[in-house]
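For reference, the structure discussed in these notes is given below.
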Amino acid sequence: MNITNKFQHTPIQGQPQSNLQAQQILLSQLHQGQAQQQQQQQQQQQQQQQSSAGVLGSGFQPSDNFGESLNQNIYQNNYQRAQPSLQQQFFPQFQQSQQQPSQQANNASQLQQPYQPAQQMVRQTSHFQQQQQQQPSSQQFYSQQQASVLQQQQQQQIQLQSAHQQQSSLLNMNSINVDNPNSVYWQHQQQLCQISRGSNVPHYYARQYASNSRKAKNPYSEVKSVGLVEATRSMVASLEDEEEKKKKPINYQGTPTTSAALLHNKKSTQDIFEDDSMEEQRMRLKTQGKQLWCQLDLSGQGLVNISSKLFHYDFLESLYLSNNKLNSIPSSISKLRNLRTLDLSHNRINELPEELGLCFNLRYLFLFDNNIKTLPYSFGNMIELLFIGIEGNPLEPSIANLIAEKGTKELIATLRDQTTVKRTPKPRCWLTLEDDGEVVDSDEVYKVEPESSDNFTVLSYNTLCQHYATPKMYKFTPSWALQWDYRKNLLEKEVLNYNTDIVCMQEVETKTFQEFWLPVMTANGYKGYFFSKTRSKTMSETDSKKVDGCATFFKNDKFSLIHKQNFEYNSVCMGSDKYKKTKDLFNRFMNKDNIALISYLQHKESGEKIAVVNTHLHWDPAFNDVKALQVGILLEELQGIIKKYRHTNSNEDIKNSSIVVCGDFNSVKDSAVYQLFSTGASKGHEDMNGRDYGKFTEDGFHHPFKLKSAYEAVGELPFTNLTPAFTDNIDYIWYSTPTLQVKGLLGGVDEEYTSHSIGFPDANFPSDHVPILAKFQLKKGKKNHSV
């Protein structure tokens, strides 16, 4: 193509010389830039087609990369600007009339190109003189062109903004407006919500798991895809690392702090299982390998309701119900106590059941894009919850702002502390026993009966020392219900209302005994003694008063004290040659500072002498052998005390002695401790496997007493210790069957109340243990009046 020949023409009369020079300059530029012009025209035509089809078209459809292109267009100013071409700037006579709307549309297409096509330029040049007479002056026309260009730019911006708003409305449905949207917690909410919205295919989690499993088997495969749960776990871990760095104290080598010394040999946390692999391993061990799966993906199935049979699968650890049409969640979801991950996102849920708060093992709860307006206070029980996804819900601003400012853990703590005393348990019923031991069913409440010459009552109660009642240990308890002032008032009221003849308490602080319990009990006709744990001997006077121990009280008008003896298990063992000093004895037994308090009392009405033992054994289930050895030593030493104060060496007299052993034994029914008490012997029990304690493991444990649990008639209580990590019966009152008979028992805690609770203490129960109470009758003809 010869540009010079095509565009040459004769000078036009009356045309200014400056315009002719400008034409020559333009022709020279066109001649030099022909190749670039054609390339630019092709690129611009493609951009116009994409723009008209993708953004400016009437049928806008959002795409996956729309946000990226939109950011480039709006924020980087890369979209096409409508600018006058060189000919329009310097040759106003080349323009057609701008008055008709159809011609304006054509001009808009032309204005987006830097140069006009050459053929059009020739045609306009040939009619230059005629159009010069019809067009207004150059300055006036250029002003009109600028106005037209500005109008078109505004229209483009309006269309782009409309498209951006449409895309934003699709990606940010019901977005919550919080006061601080730039906080790291809220950024995580939005990021994870976007990931969740992208997981809208049926069985999303199952597909992802299968895909990642295939990639894991192929060493050359691409990197595994990161799903919602993995992304959440990563974000939570990074936050915890940052918080840990801020809180990390300086680690000084040397003597432990006072708090560390007080908590020696005491469990200091109620954490369930912090590692996912440990939890899965525990589940497999619990089911003995019979349960091979623990996750269920029902996402994207269009479910409207959930069958109640689903909640019989109490082994489930992950349940995915996202992208369905659920309007509500059944309250029976509380049966899934092992759940760690629950996804209810993208449904139509209006309200969450309070029972969901009983799923205290939950760590990740996703509720994105529902119609939830508030969260129940029972969510304060979710002590393991690390993240709750609430973006896309019309949630109360106070809750949303709390999550945005302080995160999920602070939300749970706030809901927990805002819990009020809404529910009160029914009084514990009183169980009456006939002479043959049969329990009489009754709804009667325990009442203090008139004194009888041959009856007495015994209460055993672990009152929870205030130094152990920490927010870290009892994360599920409202902070106000954990305060000692609140708890001690409940404890005092409870103990005095039962008004038993003998009271055995465990975990009583030394200072609390001296300044609180002793004055209170003395004022109500009791006399009491106290013995603290061994560690108090190695501490200063101030710190030693914070150590806990056992306290025994008895009514002055019912009993008189013959003798009392403090009992340290490790000291007794080391001070006697009859206990073999083995490796296990030193490494496992000697560093436990548990104690017992033995009171030898005489019943004033009958003259019967009764040995009352109050003890608290070691807590750790990994040391069940130590507990069995402690009980073996206790019963062996008790024989010596009875022989001494009954002035007898007869085994028959020892068997017929009146004995009551109370305490927190930290042992369940199938333990070696229970076996030793109830049968009189324990040999070859699994608790002692692989241990060497001399004669206790070679010959087994033996004692001559005939002891029985007071609650054996009812098969023991469902529990005496209730926490999220452990719920079972570990407190007992043992009695000698030849001389004593059980006539009444304090029943269990209201089942309806405990079904809505994950652990004690709470607003109504001041300790993690519940008291046990038994009424005994001295058997006729078995009384021994000798002193």
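The backbone N, Cα and C atoms fix where each Cβ goes, glycine too.
Summarising the annotation, Swiss-Prot assigns Mg(2+) binding site to E507. Around E507 (Mg(2+) binding site), a 10 Å sphere centred on its CB holds 25 further CB atoms from the protein chains shown. Reduced to three states, the DSSP call for E507 (Mg(2+) binding site) is strand.
Annotated compositional bias 'Polar residues' per Swiss-Prot: 60-70, in sequence order.
Among the features that Swiss-Prot reports, region 'Disordered' is placed at 37-70 (among others).
Among the features that Swiss-Prot reports, region 'Disordered' is placed at 92-137 (among others).
Here the repeat 'LRR 1' (291-313) has long-range neighbours at 199-206, 209, 280, 283-284, 319-327, 329-330, 332-333, 335-336, 338, 343, meaning same-chain residues at least 6 beyond its ends whose C-beta is under 8 angstroms from one of its own. Here Swiss-Prot flags 291-313 as repeat 'LRR 1'.
Same-chain residues lying 6+ beyond the ends of the repeat 'LRR 2' (315-336) with a Cβ under 8 Å from its Cβ atoms: 196, 199-200, 202, 204-205, 229, 279-280, 283, 287, 291, 294-306, 308, 342-356, 358-359, 366. Residues or ranges marked as repeat 'LRR 2' by Swiss-Prot: 315-336.
The repeat 'LRR 3' annotation in Swiss-Prot covers 338-359. Within the chain carrying the repeat 'LRR 3' (338-359), a Cβ under 8 angstroms from the stretch's Cβ atoms is held by residues 196-197, 200, 205, 228-229, 276, 279, 283, 294, 299, 314-332, 365-373, 375-382, 384, 389, 392, 756, 758, all 6 or more beyond its ends.
Sequence annotations record features per position, and here Swiss-Prot assigns repeat 'LRR 4' to 361-382. Long-range contacts of the repeat 'LRR 4' (361-382) within its own chain (CB-CB distance under 8 A, at least 6 residues past either end) are made by residues 173-174, 192-193, 196-197, 228-229, 232-233, 272, 322, 337-355, 388-396, 399, 411-419, 476, 478, 724, 756, 758.
The annotation repeat 'LRR 5' is assigned in Swiss-Prot to 384-406. Tertiary proximity for the repeat 'LRR 5' (384-406) is limited to same-chain residues at least six positions away from its ends with a CB under 8 Å from its CB atoms, namely 173-181, 183, 185-186, 188-190, 192-193, 196, 232, 235-236, 272, 340, 345, 360-375, 412, 414.
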Check your understanding: Looking only at the repeat 'LRR 2' (315-336), what are its DSSP counts of helix, strand and coil residues?
Key -> 5 helix, 3 strand, 14 coil
Check your understanding: What counts of helix, strand and coil residues does DSSP assign across the repeat 'LRR 3' (338-359)?
Key -> 5 helix, 3 strand, 14 coil
